[in-house]
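*Asks:* Taken from TrEMBL, the feature signal peptide covers 1-21. Summarising the annotation, TrEMBL assigns disulfide bond to Cys31-Cys46. Residues annotated as domain 'Cupin type-1' in TrEMBL: 60-210. Annotated oxalate binding site per TrEMBL: Asn105, His110, Glu115, in sequence order. TrEMBL lists His108, His110, Glu115, His156 with the feature Mn(2+) binding site.
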Amino acid sequence: MSSKLVLLSVLALTFSYLALAYEPSSLQDFCVADPNSSVKVNGVTCKNPMQVQAEDFFFSGLHLRGNTSNQLGSKVTPVFAAQLPGLNTLGISMVRIDYAPWGLNAPHTHPRATEILTVLEGTLQVGFVTSNPDNRFITKVLQKGDVFVFPVGLVHFQRNVGNGYAVVIAALSSQNPGAITIGNAVFGANPAIPADILAKAFQVDKSVVDQLQAKF
């Protein structure tokens, strides 16, 4: 009997930990973000519910093509709580990503969200890398209508491998998923990570690191 109680206690603690590992469930119908509040919390404070309007739950613009005239040839248009206040505390968000021919959404991670992506137009190569020690590279070429998921926290990317423009819509399991672009974080940190540390980590000459840091 005592062993069963211990097992049940362990299971209860495990599921409690998992429940707390992600954004908690809302305790009210909604908590529309109040951008004018000076109170700092983990998220955004709530607007007076009696002042909430339909516009707080509305965003327009995902039908518009993003400007891909940049070095990477891609553009992310976010719909997070900052753009759609009604998302606050709901634990979801979405983005539209546009890709010029051979455009790239560079390797990055979302520290707070899993991402599920649907291809609306074009042909994309997508992939992610598993955590240490395996570091497996899992990749696939997607066509219009295909869906792919990137597990939370893993480094991933998308690249347009077609001759025309490509478009995706992606949903994320956080109102503020965060994004850490690997190149920017490693070689563009402010202040800079010492070049000798990066040279040793990447097993390259310090001059190579200096060149990369100058680019970022």
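Glycine is treated like the rest: Cβ placed from N, Cα and C.
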*Asks:* Within 10 Å of the Cβ of His108 (Mn(2+) binding site), how many other Cβ atoms can you find? Include all protein chains, please.
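*Replies:* Other Cβ atoms found within 10 Å: 18.
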*Asks:* Which residues of the same chain, at least 6 positions away in sequence, have a Cβ lying under 8 Å from the Cβ of Cys31 (disulfide bond)?
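*Replies:* Within the chain, Cys31 (disulfide bond) has Cβ neighbours under 8 Å at Cys46, Lys47, Asn88, Thr89.
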*Asks:* Give the distance between the Cα atoms of Asn105 (oxalate binding site) and His156 (Mn(2+) binding site), rounded to the nearest whole Å.
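*Replies:* Given the Cα positions, Asn105 (oxalate binding site) is 9 Å from His156 (Mn(2+) binding site).
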*Asks:* Please report the number of other Cβ atoms within 10 Å of the Cβ of His110 (oxalate binding site).
*Replies:* 22
*Asks:* With the cut-off set at 10 Å between Cβ atoms, which of these recorded positions ends up with the most neighbours? Options: Cys46, Asn105, Glu115.
*Replies:* Asn105
*Asks:* Hey, for the oxalate site built from Asn105, His110, Glu115, who else sits with CB inside 8 A of the CB center?
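*Replies:* Neighbours found: Val95, His108, Thr109, Ala113, Leu117, Phe150, His156, Ala170, Leu172, Pro177, Ala179.
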*Asks:* In whole Å, how far is His110 (oxalate binding site) from His156 (Mn(2+) binding site) when you measure between their Cα atoms?
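*Replies:* So the Cα of His110 (oxalate binding site) lies 9 Å away from that of His156 (Mn(2+) binding site).
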*Asks:* If you measure Glu115 (oxalate binding site) to His108 (Mn(2+) binding site) at Cα, how many Å is it?
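*Replies:* If we compare the Cα positions of Glu115 (oxalate binding site) and His108 (Mn(2+) binding site), the gap is 12 Å.
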*Asks:* Among all protein chains shown, how many Cβ atoms are found within 10 Å of the Cβ of His156 (Mn(2+) binding site), not counting that one?
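*Replies:* So the Cβ neighbour count for His156 (Mn(2+) binding site) comes to 22.
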*Asks:* Over the domain 'Cupin type-1' (60-210), work out the mean pLDDT and round it to an integer.
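*Replies:* Its mean pLDDT is 96.
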*Asks:* What is the set of residues, excluding His108, His110, Glu115, His156, whose C-beta falls within 8 angstroms of the centroid of the C-beta atoms at the Mn(2+) site?
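*Replies:* Counting only non-site residues, the set is Thr109, Ala113, Phe128, Phe150, Leu154, Val155, Pro177, Ala179.
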